[in-house]
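J.: Annotations for this protein, taken from TrEMBL, read as follows:
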DOMAIN    67-195  domain 'TFIID subunit TAF5 NTD2'
REPEAT    393-434  repeat 'WD'
REPEAT    435-467  repeat 'WD'
REPEAT    477-518  repeat 'WD'
REPEAT    519-560  repeat 'WD'
REPEAT    569-595  repeat 'WD'
Amino acid sequence: MASQGTSATPGAGAHAAGSPQALNQIVIEYLSKKGYAKTEAMLRVESAHTDHEGRPILSNLDDQPDVKYEKAYSHLKGWIENSLDIYKPELRRLLFPVFVHLFLQLVKEGYMKPSQRFFEEHSVEHTAAHAVDLMKLKAISLPQHIDDDHLVRLYRENKYKVNFSKTTSNLLIHFLEETEDNGGGVVLRIINDHIEMRTTAGRPTMFGEEEGILGENEGITGHTSGRSESGAALPMVKLGPLPMTSDFMGDVEDELRDEDAENATGGDLSISLLDEFQKKIKREESEDSPMRDHIPLPPYTGVDIEREVRVVKENRDRMKLSGAPAPALPSVLMYTFHNTNDGLQCVDFSEDGTIAAGGFAESYVRIFSIKGAPLESIIPGENLPVAPKTRRLIGHSGPVYGVSISPDKKYLLSCSEDKSVRLWSLDTYTALVSYKGHDSPVWDVRFGPYGHYFATASHDHTARLWSCDHIYPLRIFAGHLDDLDTVIFHPNSAYVFTGSTDKTIRMWDIQTGNSVRLFTGHTGPVMALAISPDGKWLASAGLDSTIMLWDIASGKRLKTMRGHGKTSIYSLTFSMEGTILLSGGADNTVRCWDVAYGTGAPTAEAPEGVGATAAAGGSGILSGGDGATKVDGTSAAGASNKRKRTEIVATPDHLQVFYTKKSPVYKVQFTRKNLCLAASANMPNAP
């Protein structure tokens with residue numbers, strides 16, 4: 001029977017003996033029986049660090065290269081989320097650069113699938129603030145991409161700057177050193193190689209509380225942040241008005257005296273035009289004014305005098321939007337383009353608000369008479385049988401992305417995908433000049449304040465300064481790292497401002513061609529710029545759905561304004577006093593902001609019931625071509641739109657919202673009488 005029992009279990013015994021645990025147990029029992037106590041103890045310790053298949057259990061992350069980066073990031077993120085609330089805003093700033101460099105390290109070491117899993121799992125939490133960079137990084141999948149891709153080289157060759165209070169910095173370093181074997185060492189190496197931690201004295205500040213908004217001098221210089229590339233003192237800038245020549249002032253004053261004499265004869269007892277000009281408009285040389293010789297302009301003509309007289313009249317008659325006892329909110333005159341089939345690319349209004357120009361994807365420009373007056377050409381044959389109220393300008397061979405009407409309403413500029421800029425006569429409605437210099441599509445074009453110069457912004461990463469009487473550029477402004485999306489002149493014509501896909505705004509001196517200011521903090525491409533009439537403040541907005549207000553002289557951000565939800569902002573405009581800012585965007589609204597709120601200057605108070613409540617679904621008054629129309633936030637777009645609007649949380653400087661119905665707002669522009677003109681394109685099939 002013994003032999004039968006032995007032969008009955010050979011398979012089971014062999015199987016049991018073949019497993020690593022069973023073999024270890026047999027050896028341990030043998031050593032114990034023979035009295036080899038030390039050897040037995042050592043074997044037990046080593047057996048405790050093996051898995052069920054007998055393979056060693058790795059406790060050091062460096063022994064697991066394909067998972068160590070994932071564990072290191074999760075380790076850091078978990079600690080940050082469990083930290084005290086006072087430290088979280090600052091610590092969260094570190095997650096994005098750490099995420100980027102861990103992902104790039106995985107790709108560089110050849111772990112294709114682990115790198116893609118890592119990106120897909122953790123990129124979502126950074127999408128709101130860094131969507132543009134993440135879209136480009138998603139395409140990085142092979143080790144050779146590390147050396148070839150421009151954005152990757154930007155991150156690997158430059159240190160990402162992050163601001164920390166001293167307390168927060170000490171807590172972070174202590175935690176990483178204490179948990180070096182659990183991922184802290186990996187993060188420490190990333191910080192040492194690719195991140196510059198700047199510490200400030202005192203308690204944790206709240207400069208990091210606005211999620212997605214970089215603090216001053218944070219990120220990568222010239223890409224996501226950094227006010228001065230060299231760190232040197234900022235160049236001095238002259239922000240005062242360009243002085244008038246004595247002859248021009250004398251001729252304008254003579255014309256105004258004649259106007260006042262006619263008004264007195266007619267019984268008009270209003271403030272004299274001459275007084276208005278001398279007290280509020282006349283521009284004399286001052287310490288803060290640029291030298292007139294630095295901005296050569298052609299000799300003035302009767303058209304210039306006529307325009308200056310019109311400016312004085314409009315300034316005297318304008319609606320006051322600031323001051324005691326209570327400020328008034330602006331009226332918005334909305335012009336909606338129908339049946340554009342999503343082909344309208346850009347809109348501009350003339351200074352006096354009598355004509356509008358639109359650029360279309362079908363390669364033409366269309367001129368509209370806002371007041372309904374015929375658009376008569378000085379060529380008699382062009383007015384037959386009758387002069388039309390709208391005209392089409394054909395000449396480009398690609399979509400028209402930018403249009404600009406000259407201050408004297410005599411000319412129009414258009415830019416296109418065909419890499420050219422065209423100058424059109426608004427007297428004959430024909431093309432005069434084709435300017436070629438960019439080697440890529442031109443995204444924007446803008447006349448200067450005096451009509452002689454204009455500037456362009458292009459896909460070739462440059463802006464260019466031109467004069468109407470030269471077919472070649474006078475200056476090339478190079479320094480941005482990506483497309484230039486928008487361009488604007490300073491009111492004194494001495495500077496040009498550009499907004500770029502690299503998330504920065506630059507200020508250029510047109511005399512030297514140098515960049516004299518770098519404004520950074522946006523987390524998406526900058527699509528809209530506006531400068532206050534006094535030339536001291538700059539407003540910027542773009543795809544990150546935020547509006548930022550900057551002090552031009554110091555280059556510092558004064559505040560950030562929110563209210564457009566998570567949609568793009570297309571246009572900005574200041575009131576004539578510079579106290580009210582209007583914005584238009586893809587959320588089908590025009591929004592009104594108090595510029596002074598939060599900057600230390602006297603603020604405008606919204607009327608009762610207006611402000612953040614309106615932004616979250618209240619009602620607004622929209623002045624249209626057929627009169628004022630009350631639009632209710634809950635009924636204009638249905639219940640689904642109501643749910644979306646209630647999610648919008650506006651900042652306290654939000655004064656009013658004007659809703660449209662399925663019509664993204666492409667342009668907002670204050671006239672000199674403080675009436676805002678706005679243009680939108682109706683999209684009935686939009687969700």
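Glycine is no exception: its Cβ is also placed from the backbone N, Cα and C atoms.
Help me picture where these features are in the structure shown.
T.: Each residue in the domain 'TFIID subunit TAF5 NTD2' (67-195) has a pLDDT score, and their mean in this model is 88.
Residues 303-304, 307, 345-352, 354-355, 357-367, 375, 377-379, 382, 440-447, 449-451, 454, 456, 458, 466, 468, 471 of the same chain sit 6 or more residues outside the repeat 'WD' (393-434) yet have a Cβ under 8 Å from a Cβ within it.
Beyond the repeat 'WD' (477-518), the same-chain residues lying 6 or more positions past its ends with a Cβ under 8 Å from any Cβ of the stretch are 132, 150, 154, 222-224, 226-229, 234-235, 237-242, 289-290, 294-295, 443-450, 453, 455-459, 461-465, 524-531, 533-535, 538, 540, 542, 550, 552, 555.
Broken down by DSSP into helix, strand and coil, the repeat 'WD' (569-595) contains 0 helix, 18 strand, 9 coil.
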J.: Which residues, given as numbers and ranges, are at least 6 beyond the ends of the repeat 'WD' (569-595) yet have a Cβ under 8 Å from it?
T.: 315, 318, 320-322, 327, 329-330, 332, 334, 527-534, 536-537, 539-542, 545-547, 549, 561, 563, 601, 603-606, 615, 622, 637, 650, 653-670, 672, 674, 676, 678, 680
J.: I'd like the per-state residue tally for the repeat 'WD' (435-467) from DSSP, helix first, then strand, then coil.
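T.: Computed counts for the repeat 'WD' (435-467) are 0 helix, 20 strand, 13 coil.
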